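Going by TrEMBL, these are the annotated features:
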type	residues	note
TRANSMEM	A:6-28	transmembrane segment
TRANSMEM	A:66-85	transmembrane segment
TRANSMEM	A:134-156	transmembrane segment
TRANSMEM	A:177-198	transmembrane segment
TRANSMEM	A:253-273	transmembrane segment
TRANSMEM	A:285-304	transmembrane segment
TRANSMEM	A:330-353	transmembrane segment
TRANSMEM	A:374-399	transmembrane segment
TRANSMEM	A:419-447	transmembrane segment
TRANSMEM	A:459-477	transmembrane segment
TRANSMEM	A:483-507	transmembrane segment
TRANSMEM	A:528-551	transmembrane segment
Amino acid sequence: MTIQGWILIFVFVGILLALAKPVGLWLFTLYEGRRTPLHAVLGPVERGFYKLAGINPDEDQSWRRYAVHMLLFNAVLLVFTYAILRLQGILPLNPLGYAGVSDHLAFNTATSFTTNTNWQSYGGESTMSNLSQMLGLTIHNFLSAATGIALAFALFRGFARREAKAIGNFWADVTRVTLYLLLPICIVYALVLIANGVPQTMAGSVDVTTLEGVKQTLALGPVASQEAIKMLGTNGGGFFNANSAHPFENPNAFTNLIQMLSIFVIGTGLTYCFGKAVGNTRQGWAILTAMMILFLAGVTITYWQEAAGNPILHQLGVAGGNMEGKEVRFGIAASALFAVVTTAASCGAVNAMHDSFTALGGMIPLFNMQLGEIVIGGVGAGIYGFLLFAILAVFVAGLMVGRTPEYVGKKIEGREVKLAVLAIAILPLIILGFTALSSVLDAGLAGPLNKGPHGFSEILYAFTSGVANNGSAFAGLTANTPYYNALLGIAMWLGRFFIIVPMLAIAGSLAAKKHHAESAGSFPTTGGLWVGLLVGIILILGGLTFLPSLALGPIADHLAMIRGQLY
Amino acid sequence: MGKDIATALRPAFALTILFALLLGLAYPLALTGIGQLIFPNQAGGSLIEENGKVIGSSVAGQAFTSERYFHTRPSAAGKGYDGLASSGSNLGPTSQALVDRVKTDVETRRGEGISGDLPADLVTASGSGLDPDISPEAALTQVPRVARVRGLTEDNVRALVERSIERPFLGFLGENRVNVLALNRQLDQLGANKPE
């Protein structure tokens, strides 16, 4: 580890904390449906969309209606992208002449982008036409992100409203977030990326005669426009197979810093927005503090392990940290930091190959996802996932002191706790179930590239990434098979919507409740005790559930690495 | 429930189409237009032309295997630096295949007369398989070979490497590195060029 590396990490955290309030205030304006300066330009677009789509943005929806409209919209989007991918062979803007995508891959990819996962069973530059990238995939990057933020708003309203029947309007939330937050940032962001060397062209590729006289074909395309929303919307599906490790996606250390910041910036702002919505910004800061503790612990372990390197290679006369799968321009620190950021959030973009990380360095990204990506988390999904844990934490605190638990003025009762447990339980159920299944079936065992414990880690990582809607991979796994495409597609769908529906039910149930002013008997949910309790609950739940699987995979791998055991 | 579904149909279909036009077509096409106008070079892939021929991109890496050039890193992209198949090796820390590959590369380097511990980047595959850079250490270990083959003095070549080192932006962003294509182009211009 170097001082320069730690400076990068602390500068990153510093910029993020400085952005929390301004971004949070902007989000709060959208949460409330108030006018922004951008309405002067984009207001007519918003009103036009409502008019053409027959939407009344002032219609307040019950949680059921909110949920049904959200599900139906996502189903239509899924079918839309499936159709584009299947038909890409006969559609325009296909400079490299790629054929239609196979049915199982199209299902997997459409599900993946709808659920904000962006798992890549395909190599972007060798599978997707420019039209598929733009019309099939970029659109989901915006709308799955906007859906996530809309859902977070709905849950915030559940906490903030008193004796109310409704939690907002889904269509208005999605449209406003897209028009007044995601799109304007992405336009500026994409231009910065282009200036730094990210291509933005309709050409499919360019032929180069290298200095040694060999022909090299470089894939190009409208990369920057997709790259911007890929990061900002915590989507993570790269234009190229190598994702943000590819020089055309992430050409230098400056774009790398921006990419990492843009993964976290909305999630961080949402913690502030939550505090603002419930009338006490300290509630938001407490959440952010707990997240940052978990984050920095993860960064420390991964950075330390990657900098220490692989003792097996050291014996061969190779010096220094683990550079397998890493780019020289980022080095160890920026690669380790990126890996922890992308898995703490549900982004899944990678600037280094997680599969080639040291055993424990790669375990932290895995563990981050197993916790449910609640450390900042995906846009919207992170904060609503975290609030489910907060509900459990006040419940546990209530049990200890023998009082009805309360959180930000709302009594937490049996119904909310049951729903929260239901939502949280889906993660281990599917991850462990599908991993176990794939560890015994031939179709599952055909997947891993690496043998031994690391091969098991590849399977475990895939289902963890799918259910948690991350999208990064231990990419040695050959996942573009009917078996993995189908199973991972199902895992992604369940992991997204089987959390969202109980979460919206909680929002509806909370909105209907009375507000209780904080009294001397309330358990405070702002101080150090609360932050400690939150971190403890998250680690105990996550740790106890997944420790056995981690022991079989990364921990066994680590012990083998120390002994010099090869597979 | 039935009413919830019925009221969702028109917005769901209409917004899918409207957003597809806005986000899937207008946004990327507008950016392509603006990008080509303001940053034509970068938007097109930062291509380098020499005598009317495109010889590479200043952003993406290319393979160098000849004795006369500084070598880039091992690459898992296709058969090496395949611009249509970016990829890392994805080999894990306890992989026999990884160790075999590194062993072979280490032996090759030893054969070139490089002694002592090797810089890690010289014998590891990058994440993209298109890494344009190597570390200054990895470049410096290659100085004796390149100087010998080209009939140049080691001091001359070493000075060239040192001039080519790019430092971290603002002192902490990124690593010390050498762009191999840029370095090798300068090497070609250094004179005393003895083709084999």
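Cβ coordinates come from backbone N, Cα and C, glycine included.
Just so it is clear, the model here is predicted, and its values are computed rather than measured.
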Contact check, the transmembrane segment (A:483-507) vs the transmembrane segment (A:459-477), 3+ Cβ pairs under 8 Å, seq sep 6+: yes
Touch test for the transmembrane segment (A:253-273) and the transmembrane segment (A:374-399), at least 3 Cβ pairs under 8 Å: yes
Stretch in A:66-85, A:285-304, A:374-399, A:419-447, A:528-551 most in contact with the transmembrane segment (A:459-477), if contact is a CB pair under 8 A: A:419-447
Contact between the transmembrane segment (A:374-399) and the transmembrane segment (A:177-198) (3 or more Cβ pairs under 8 Å, separation 6+): no
Long-range neighbours of the transmembrane segment (A:66-85), counting only residues six or more past its ends (CB under 8 A): 91, 100-101, 105-107, 109-111, 113-114, 128, 131-132, 135-137, 139-140, 143-144, 147, 150-151, 154, 167-171, 174, 497, 500-501, 504-505
Interface present between the transmembrane segment (A:134-156) and the transmembrane segment (A:528-551) (three or more C-beta pairs under 8 A): no
Beyond the flanks of the transmembrane segment (A:285-304) by 6 or more, those residues with Cβ under 8 Å of it: 1, 5, 9, 13, 17, 20, 268, 271-272, 274-275, 332-333, 336-337, 339-340, 344, 357, 360-362, 364-365, 367-368, 371, 374-376, 383, 386, 390, 525-527, 530-531, 534-535, 538-539
